[in-house]
């Protein structure tokens, strides 16, 4: 009797992700680690055996590529200073190895208890360096995720498991029949923390075979894996200036699918505050990022929806290891900038309101230029008002994105109206010989409005379609600086600044040439200095202050931040100063309004940027 080795003769006999074992007179099939078959292997019904995956990882997949970990794995004599580190690392890998090699059901309770022992040794009496803590935490978090996923391979008859230990709680749900409705939600709780996930999110995760979710809450880890590991990519210069503290347990959201981020509906985490939130504190939802060296807390991917005295609600578009860091509102650099910005913006709003009323009611200065100034002031007024009242409304993700979109549009509209103003100024000065130049060339305000409002709308429309997630950040409703999306604003702004600088420099050259040829009566008025001042001030108004925002890096970042905040928040006041207080006709109108007197006879005008010389003088 000759035994045939069926496994050798047909490598695909058991199907993908499986192992074929030759036995006397027969063969047997089993799944590779990380895969599970809902049907038991039987030679009579081989089609019932099909290995489907749960993407858990073994030691080789989670092991960091650094010198310390390699020393622990080499088996050679470990230096005394690394003995404790290697002991904890090897204990973590031991739990993970058992889950990877196990052919029977993984006991979630046993693995949780073993991980609790690791947490106690690592995070309750820690003597490790910051780098060692980062490495150990990364390995532990990944190992807990992998062993939890391994427990889904041969799940308990009970579709939901709740494991409670002193140092971590786990709740898992096996979704046997799949999701029945798109809007159905699954709510999981561990210790005092909660996670809500939509059915559509589970479908998007691309689970094959078994679908399941789990939620883990760790006790005491936050005391060691604390705010020292926080790094904010949006404002790195401010990190050392803010008073930060960890104010929640560290939690983990786990899902059986391959896809872990970019969900259409966010995962909602409700975390219990360790200490009651104070009025001057702002919570930041942060996730553990291991892309760089070791790991760090970063706000990327999560926003704070709402915060009460006892709980903080976070919204994340990914399954993450999450915590809440509380930023104190004491008088730090960030808070000082906040005060300066808001006081300056309120002052600018008052100035812009007066300027708008002036341009609407002062008949003596009505012309194309004042209409341009009017639209510019209206856009800037609305932008500043929306910034003041809505830029901090980050608790609602969609609402914050809408606010950011409107701010994007309104500030861009300001710059495009400033470009219109510079072009019209250039045309006026170039054609000083032509009396009432605008009227003779039939330039309609409708055309200017199409340019001033239409082009910024086009920019926002294109930007929103290319990267709709670019609107809104965790700490303010503005454009996200990740993936270069901020350049959808800075690109047009810098272009307009360059064009305006060229036009106004050219305008100054023409003014110098033409004013030098005026008769003595006009030249002695010395309005050339006023024109020069206004032209340079106009360049400033047209956006040079925004250039300072680009240079908020390195050692000069703090200075640039103050300059940018002060100048930009007072932009409305500068416009009022240039186009109202430094305009002779406007000052005379203000004087008449205050005194109640009317000026008899015709009114003469000084040469200014806001009006064309309409007197019948020839130049």
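For all residues, glycine too, the Cβ spot is worked out from N, Cα and C.
Lifted from TrEMBL, the feature list:
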DOMAIN    3-44  domain 'EGF-like'
DOMAIN    166-332  domain 'GAIN-B'
TRANSMEM  335-360  transmembrane segment
DOMAIN    337-583  domain 'G-protein coupled receptors family 2 profile 2'
TRANSMEM  372-390  transmembrane segment
TRANSMEM  402-427  transmembrane segment
TRANSMEM  448-466  transmembrane segment
TRANSMEM  486-511  transmembrane segment
TRANSMEM  531-553  transmembrane segment
TRANSMEM  559-582  transmembrane segment
REGION    597-619  region 'Disordered'
COMPBIAS  600-619  compositional bias 'Polar residues'
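When the stretches 372-390, 402-427, 448-466, 486-511, 559-582 are ranked by Cβ pairs under 8 Å to the transmembrane segment (335-360), first place goes to 559-582. Residue counts for the domain 'EGF-like' (3-44) under DSSP (helix as H, G, I; strand as E, B; rest coil) come to 4 helix, 14 strand, 24 coil. For the domain 'GAIN-B' (166-332), the model gives a mean pLDDT of 81.
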